[in-house]
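Colleague: First the structure, then my questions, so here it is.
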Amino acid sequence: MSKLHIQKMLFFVIGEPRKYDPTFKGPIHNRGCTDIICCILFILALLGYFAVGILAWSQGDPRKVIYPTDSRGQFCGQAGTPLENKPNLFYFNIMKCASPLVLLEFQCPTPQICVEKCPDRFLTLLNAFKTADLKYYKSYCKEGVDLSTLVSSNALLHLTFPSPPPPRFLSVSRRCFPAFSKKNGVLVVGNQTTFDDGQGKIRNAKDLLEGAGNATIVREARQLAMKIFEDYTHSWYWILIGLVIAMVISLIFIILLRFLAGIMVWVMIILVILVIGYGIFHCYMEYASLKGTPGANVTLQELGLQADFSVYLQIQQTWLAFMIILCIVEVIIILLLIFLRKRILIAIALIKEASRAIGYVMSSLFYPLLTFILLALVIAYWAVTAIFLSTSNEPVYKVFNDTACEYSRNTCKPETFNTSAAKLACPDAKCLFAFYGGESPYHKYLIAFQFYNVFLFFWCANFVTALGQVTLAGAFASYYWASKKPDDMPAFPIFSSLGRALRYHTGSMAFGSLILAIVQVIRVLLEYVDYKLKAQNRFAKFLLCCLKCCFWCLEKFIKFLNRNAYIMIAIYGKNFCTSARDAFFLLMRNIIRVAVLDKVTDFLLFLGKLLIVAAVGILSFFFFSGKMKGIESTTPALNYYWVPIVTVIIGSYLIAHGFFSVYAMCVDTLFLCFCEDLERNDGSAERPYFMSPELHDILSENAWKRVYMTKICLQCNVIYGVM
């Protein structure tokens, strides 16, 4: 292959290196708006998102998720209403609750009424006539029904009257459920294995199990949510204290890292190893203490899924699993540190340079608060809109009749049906409950609105992240390319960079966020399809697994490319595609440095986050579990003590990630600027480097070694000139 062909191939793969430009002094101020079409599209999408939210808030009612409602949407037991003395919800036919729609719509497709108390006896309509117990039976029928004019053989009775209830009901969370139990290993309800359904059929107690099971899932989900909410009300101030502790530790760590970068990195590494080692020791002690305890040898598979996580801590296998996981993590970290010991020294030099940059841009440490607030707003808007959309379904009534009628199966309103044209044309017609949903255009496109809500959530969340990356990159780039620091830097680097990002590059950030959001939505759809195809063949599972893996890798690559594209946007002010191409080629021309230096720095910063999360997590575990001696009395009484612990751990990680993301963005920005600096300048008096002497002494020496190795491997003089 000729030298010319090699040059063309290399140009296609790694692009053309930057040329010396005496006028370039860092982030360009005279720039224009980029990706205007995508900016307009994003604004229109946001307007549509607000319209969907307003529409959902006008149609939905989140009280349906918590409180029982009858078929007319009235809340059982609500003060100041006719149903004030009827707090319990009764299902006409509990077996209809076996429909999968129960889990999606939080409603069973059967008429439901509010009753004063759940049925305590077995009674059919015929038996009610025979025993003159019509008053009791009528209390479980729809209002306005004259029992004396009807007979039980009527085909529509099950729509007006309830199916004969099982022998015994229980009120659970203000809902009437069959009282299931086991007698001699046989499933019974009310001490009976069978019951008469009122239509001449003998039903088995098992027939009720699936319907009551699905209804119970909804009930248990609501009950679990209420208990978790109760735990939050009892422990919210302690959770805030834990998050404040995590914030203080993160801030102190970052400040110490600013002045003692080298020492703090090694202290961080040692502490991470010690903390994980203590975790292994604690798991072993708990495992040993449970030896011989009755019931502690139960396996996780036998135990199954439990809402109370504290149950898992009473068996040996849980602590054994924790100990094995921690041992694997400990070994991996130690091996990585051994193999990366020389590269860690180089990464420390870059962290020191990042510490100097943050010292000149101290306001960058507080920018994550703005990102956190914006993300919280996006998440809250998505969650509230999703709840209102899911509770937008309303009872739909249809015209039912025994004889031919032109209005049959038409939608009707029970309040005005007796005076409607359908009743006049068909005297025997009835307006009866049909299903939950709606026939308006809004209800027909409800699934589309839910999908739009999810898609805009990903798009907006990614846009907020992109805004933070462009803002920080612009501020740190102004530091790197300043000849005299801080004289040549803007007075307020963060505000200047934020203003440029919003004024000129909203479209570019929306473009990159859109690409990432599309991939994330596809991953969600694949997870949904995988869930629906649980019982399908192995080939389908294998294909789905491959697709999920591919799109996971694609998402990671797009995040990496977007991050570096945003840095180029902050510096040069070009559109997204051009910036992504320039960033990709620049990284390809320095691919060895990327693998050796940039990723090692990310690993060290991850250890810092891991240390903070582990310290706060261990502290919260001992406090909320009541194992912290001396202050056991101050521990709040909780249903599930894992609720505040998990909340504190997740919150601590987000806080630590917010502070360390500033360092990570600073390192990535300085790294790209360093690579550009090497290509633009040669260190001479006419073309001096912008990098600090310390950074140049370590990185340039390492860079020339890598260049020499690449030259030998490719046996091409062209590479030497490119690097």
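Glycine is no exception: its Cβ is also placed from the backbone N, Cα and C atoms.
From TrEMBL, here are the annotated features:
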type	residues	note
TRANSMEM	36-57	transmembrane segment
TRANSMEM	236-256	transmembrane segment
TRANSMEM	263-281	transmembrane segment
TRANSMEM	319-340	transmembrane segment
TRANSMEM	360-384	transmembrane segment
TRANSMEM	456-481	transmembrane segment
TRANSMEM	603-626	transmembrane segment
TRANSMEM	638-665	transmembrane segment
Colleague: So, taking each listed stretch (36-57, 236-256, 263-281, 360-384, 603-626) in turn and counting its Cβ pairs to the transmembrane segment (638-665) that are under 8 angstroms, which one gives the highest count?
Modeller: 603-626
Colleague: Per the 3+ Cβ pairs under 8 Å rule, pairs at least 6 apart in sequence, do the transmembrane segment (36-57) and the transmembrane segment (456-481) touch?
Modeller: yes
Colleague: Out of 263-281, 319-340, 360-384, 603-626, which stretch touches the transmembrane segment (236-256) the most, going by CB pairs under 8 Å?
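Modeller: Stretch with maximum Cβ contacts: 603-626.
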Colleague: Return yes if the transmembrane segment (319-340) and the transmembrane segment (263-281) have at least 3 CB pairs under 8 Å (sequence gap of 6 or more), otherwise no.
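Modeller: Yes; at least 3 Cβ pairs under 8 Å.
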Colleague: Quick test of the contact rule: Cβ under 8 Å, at least six residues beyond the ends. What residues does that give for the transmembrane segment (360-384)?
Modeller: 53, 57, 251, 254, 453-454, 456-457, 460-461, 464-465, 467-468, 471-472, 475-476, 479, 485-486, 489, 492-495, 654, 658-659, 661-662, 666
Colleague: Please indicate, using numbers and ranges, the residues of the same chain that are 6 or more beyond the transmembrane segment (263-281) and have a C-beta under 8 Å from a C-beta there.
Modeller: 253, 256-257, 322-323, 326-327, 329-330, 333-334, 337, 344, 348, 351, 604, 607-608, 610-611, 614-615, 618
